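To keep things clear, I will list the structure first and then write my remarks on it.
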Amino acid sequence: MGRESRHYRKRSASRGRSGSRSRSRSPSDKRSKRGDDRRSRSRDRDRRRERSRSRDKRRSRSRDRKRLRRSRSRERDRSRERRRSRSRDRRRSRSRSRGRRSRSSSPGNKSKKTENRSRSKEKTDGGESSKEKKKDKDDKEDEKEKDAGNFDQNKLEEEMRKRKERVEKWREEQRKKAMENIGELKKEIEEMKQGKKWSLEDDDDDEDDPAEAEKEGNEMEGEELDPLDAYMEEVKEEVKKFNMRSVKGGGGNEKKSGPTVTKVVTVVTTKKAVVDSDKKKGELMENDQDAMEYSSEEEEVDLQTALTGYQTKQRKLLEPVDHGKIEYEPFRKNFYVEVPELAKMSQEEVNVFRLEMEGITVKGKGCPKPIKSWVQCGISMKILNSLKKHGYEKPTPIQTQAIPAIMSGRDLIGIAKTGSGKTIAFLLPMFRHIMDQRSLEEGEGPIAVIMTPTRELALQITKECKKFSKTLGLRVVCVYGGTGISEQIAELKRGAEIIVCTPGRMIDMLAANSGRVTNLRRVTYVVLDEADRMFDMGFEPQVMRIVDNVRPDRQTVMFSATFPRAMEALARRILSKPIEVQVGGRSVVCSDVEQQVIVIEEEKKFLKLLELLGHYQESGSVIIFVDKQEHADGLLKDLMRASYPCMSLHGGIDQYDRDSIINDFKNGTCKLLVATSVAARGLDVKHLILVVNYSCPNHYEDYVHRAGRTGRAGNKGYAYTFITEDQARYAGDIIKALELSGTAVPPDLEKLWSDFKDQQKAEGKIIKKSSGFSGKGFKFDETEQALANERKKLQKAALGLQDSDDEDAAVDIDEQIESMFNSKKRVKDMAAPGTSSVPAPTAGNAEKLEIAKRLALRINAQKNLGIESQDVMQQATNAILRGGTILAPTVSAKTIAEQLAEKINAKLNYVPLEKQEEERQDGGQNESFKRYEEELEINDFPQTARWKVTSKEALQRISEYSEAAITIRGTYFPPGKEPKEGERKIYLAIESANELAVQKAKAEITRLIKEELIRLQNSYQPTNKGRYKVL
């Protein structure tokens, strides 16, 4: 009784407080107490297990932390575990001994009632105190473990604090530097304000809206930013506010400058484009293949906005300038003073003298009289000594009339044959023009600009110019493509009075480094050499941009050996009251050139060439002209096999190789050159005795320039032209060249031309003479622009070759894509799907079978096959069953005609009326729905664009977006290859029961293709088709 009550009181402290309860318990209560006692012990054991498990979990966590953060040594872990196990054992032994002592220390002389009460009280108090001690010890152990585990964390936090201090220190330094930069930026802006009246950009650049920028800046504040990004944004805001104050104080038309300001404006513009886009449906997400290469900020940039910004940046300096708002320095153009000897000449004497000088003809009022010697043109002694030194004894016919006309300040159109000295005719007045003006200051551009169509001609003019510029103290820079731009930029920054350039590279120089490399503000003298060739090669937009940026009261001079009427009309747009000087007729081969034309077969041309080389190569250098780069390389191999050392020159060769080849040919290191017409213009080679037109020239002007490479400066030369019977259409131009130069026309050439004319007349065709280069690359009028080839326009738009004047490039791309789709639309009435249950045959079905038989008989009667006739399969089956042979099936002409008509209808997407009536009757009996189909041909788009829209992911996205079915059909055919009958080029078939779904799918496909074309336009790199790399 006492033991039971003792245990009961020990495990239940709340009940032990009442002694009366324990005394009034029955035996059944005691039994229940025993069970409760056991349950309470098991609960204590469970609690201890859970505590030990939680302790183990904490230990494992601390060990993991230690391993990850500092990787503590394993010995410490083991020692710590040993210490913990010892303390745990000590705690267990203490608790056992304490329990024994408490049980053995009860007094025996007291009554049971007092004994029970006191023992239960002691045990209860002792149990509570031991529990509290255990709890305190456990807490201390846990704190020790936490301290040991957090030691590494404290160290890490200390490191993080130090790093933050370093970052804050760095930010403070950056903030100080930024404030210093703002001060420097203020100085630069003030300097830009002072020199603002000389800027060519101000009149065209629109000022950014400050309110709009402020609004976009507020939108950016709401985004979560990295602290460093937030600091950079604060710096940008400070710069922007400072710039706004400077703009408000400086006037309305002033432009923002400084790289930081430009960056901020660009960011604001891009953000605006993203914010303004309004999408009514969910945005179509695409897999970003370049996600690892670009940041999230770059992904926000709209493609069209970026492209527009890039193109605007490139064309910034090429926009037309309002010259009325720019104050130009006055300059002098008229330097010519007529000497008394020329003043005494009468008009009749002048006409006689002009006639003696190879028939000079002059158009235009106020043209001065021609000079007879160098001293009469008013040049300095330094130039006269240089002329004497380099062997210029007296002026040539073009020089006698052109030099006084240019010296008097007039614009000039000079037309003279090749080798007549046109270069000196515009160089001497140019030197006098430059020497009259003040010297260049730092940052100023050239005074004279000479533009040429080819790099070789530019180098040749530069070489000729340097003969005089050294003695005059002038600087000449040759600017041309194909070489490194950095060296040319360095030369231009040092300053140059004369620039000899090709138009494309000159525009690059004007746009480079925001226009700080060079400018056209000081230009007062412009020369266009080989002007017609320059316009013909497609340089018209570039030439006009450069000329339009030069002050309008400039002096402009144009020279060429050929000047077609169409080119002449175009040239007058940029000339002011010009004088036209023509020497020796228009485009005549020099009389010192002996011309021979040989009508020959293609197979015998090479043998004839070897014969000519064996006869003439000992006497001097030889040029062989061909029409294509491939032919030049092929002929080079054949000549090398025949043991003739030679070189080839064409547009596919690297510029450095071209320079070295021309130098070797001029120096006589290599005496045989195979070239295309790229070498025909302005190439002056001494000791050149023979020109062979291995491929016949396709127009008159090309023939004149090829033949003009020899017979220069009074030397004798020979020109041989090979022409085959297939090239009879070119014979007329060659006959014309021979007649105008006073050379007898070979009889076989005349016979070839007359036969060709008779053949064309018999075929009812009109013979049109080729005018040579027909101005590819620029537009003469509106009609020509409207009739341009659609596919070429798309290629130009995709590759970034469209003119800067085209403002509707984006609209053109959409139109070109639509035209290339060659879309075919169809609307079909489809029967509604019925149930699959097959009804049992009834009397009605039998009647329908009879109707079908009667219809079949009627169809056979319509096809004139007779009532009992059978189709082809039935005829073949009956023949085999009877053991006979299969005869050729009899098909009527009407059947063949119907089959052909079906093919034509399928191509034209045409449905006959009879078929429509039958479908309508069938549709009236059954429920039907319309099915919309459209086919988009994608065969002729670039490969990457086709891949973009035919990938599995893209088709799936478009189908989900538009709810239309899209399938790829047909076969890819390369350009120039047409599909056979029954085959089709690759196309996308769009099908849906909803017309809107088809339209949405088509619009999405168009968008993908347009984006790809614009991407190609922005990242286009030219691919070389020849053996050589093109720079």
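Cβ coordinates are placed from backbone N, Cα and C, and glycine is handled just like the others.
Just so it is clear, the model here is predicted, and its values are computed rather than measured.
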From LYS155, LYS193, LYS325, LYS824, the annotation SUMO2 cross-link in Swiss-Prot is attached to LYS325
Between LYS263, LYS470, LYS605, the N6-acetyllysine label in Swiss-Prot belongs to LYS263
Record (Swiss-Prot) lists SUMO2 cross-link for one of LYS215, LYS316, LYS363, LYS915, namely LYS915
Residue among SER804, SER823, SER1019 with Swiss-Prot annotation phosphoserine is SER804
Annotated as phosphoserine in Swiss-Prot, from the list SER486, SER774, SER928, is SER928
SUMO2 cross-link per Swiss-Prot, picking from LYS169, LYS248, LYS779, LYS930, lands on LYS779
Feature phosphoserine (Swiss-Prot), candidate list SER295, SER770, SER819, assigned to SER295
Cβ contacts within 10 Å for LYS325 (SUMO2 cross-link), all chains included, total 10
Around the Cβ of LYS186 (SUMO2 cross-link), other Cβ atoms within 10 Å, all chains included, total 15
Spatial neighbours of the motif 'Q motif' (372-400) not adjacent in sequence (6+ beyond its ends, CB under 8 Å) are 335-337, 339, 341-342, 353, 357-358, 360, 407, 414, 416, 420-422, 424-425, 428, 431-432, 435, 467-468, 471-472, 581, 583-584
Expressed in Å to no decimal places, the gap between the Cα atoms of LYS325 (SUMO2 cross-link) and LYS186 (SUMO2 cross-link) is 25
